[in-house]
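These come from TrEMBL:
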type: DOMAIN; residues: 5-292; note: domain 'Dihydroorotate dehydrogenase catalytic'
type: BINDING; residues: LYS45, THR46, ASN128, LYS165, VAL193, GLY220, GLY248, GLY249, GLY270, THR271; note: FMN binding site
type: BINDING; residues: LYS45, ASN69, SER70, MET71, GLY72, LEU73, ASN128, ASN194, SER195; note: substrate binding site
type: ACT_SITE; residues: CYS131; note: active site, nucleophile
Amino acid sequence: MVSTQTQIAGFSFDNCLMNAAGVACMTIEELEKVKQSAAGTFVTKTATLQARAGNPEPRYQDVPLGSINSMGLPNHGLDYYLDYLLDLQKIEPDRTFFLSLVGLSPEETHTLLKKVQDSDFKGLTELNLSCPNVPGKPQIAYDFEMTDKILSDVFDYFTKPLGIKLPPYFDIVHFDQAAAIFNKFPLCFVNCVNSIGNGLYVEDESVVIRPKNGFGGIGGAYIKPTALANVHAFYQRLNPTIQIIGTGGVLTGRDAFEHILCGASMVQVGTTLHKEGVGSFERITEELKVMMAEKGYESIEDFRGKLNHLN
Ligand code: DHB
């Protein structure tokens, strides 16, 4: 009788695993495959106002311990994803899905969020403050003043459930400063973490992706300790009304278990989903359930956030 069911912002999901934005979510065909898999829900590729082709290829490479990418926000534009989600709401009124978006400027971000606010969309919106791959555009969430201003302006008009996708932070003072900002707003969730930005992978005397001279966001096994640290740091600092979505380095059920132990209410799969396909959801779910059964846990609430510290 083990269940991996979860809730975010009062919405129920049969499974706490889903895709990480960027993987298996650019087209309706890919999203349908995730929807029909063992995943509890999906998030759409981060959308901008206009469709974008993104950076030149090759721009994503799986490597033995993870992945590196500099996609450059290729996407079909907000209307493509929003129209699909509005259709889906009629066909599957009992399921809830996530819409990811960010503008190329604060003004564009507000235009996007106002469109969502004025639509019939009833799902969860994830504002991506952590895209590392658009040349000349720094990650918003590494600029605390900008982050505070954007969120403050957003909550002047946005009343639907909203969360933010964060980059990894690496300093305790930054956890404190970021959490103090997020706690000022009625956010439903924070998603920790996006890729570790601007790594460099070298193979045979060369980089492996074309954009930005080979610099790109790192995902996969490389990033699990950083992801868990961010999940746990924000779990300890944020108001209990702000839930945590854990993303980064989920290859196995044990990895998902660790994210939940650190405080995650939902766990996203990125690089592993890219390498293994949507069958990874069933495998990781089964591994997680076996581990929960061995420990006598029936639901993820039985152990969520209960990481032991050494005295
Ligand atoms: C892209 C990468 C990201 O990590 C992200 O959050 C958004 C977009 C990209 O390169 O497309």
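Note: Cβ is positioned from N, Cα and C throughout, glycine not excepted.
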For the residue listed as 'active site, nucleophile', which residues of its chain lie six or more apart in sequence with Cβ-Cβ distance below 8 Å?
THR46, LEU73, VAL102, LYS137, GLN139, ASN194
Please list, in sequence order, those binding-site residues from LYS45, VAL193, GLY248, GLY270 with the Cβ less than 6 Å from ligand 1.
none
Measuring Cα to Cα, how many angstrom lie between GLY270 (FMN binding site) and SER70 (substrate binding site)?
14
Report the nearest neighbour of LYS45 (FMN binding site) in space among the binding-site residues SER70, GLY72, SER195, comparing Cα positions.
GLY72
I want to check the contact list for SER70 (substrate binding site): same chain, sequence separation of six or more, C-beta distance under 8 angstroms. What comes out?
ASN55, ARG59, ASN133, ILE209, PRO211, LYS212, PHE215, GLY216, GLY217
Find, for the listed binding-site residues ASN128, SER195, the residue with the lowest Cβ contact count at a 10 Å cut-off, counting only other Cβ atoms.
ASN128
Taking the domain 'Dihydroorotate dehydrogenase catalytic' (5-292) alone, what is its mean pLDDT?
98
Neighbour count first, Cβ atoms within 10 Å, every protein chain included; then name which of GLY248, GLY270 tops the list of binding-site residues.
GLY248
Pairwise Cα distance for SER195 (substrate binding site)/GLY248 (FMN binding site) [Å, integer]:
7
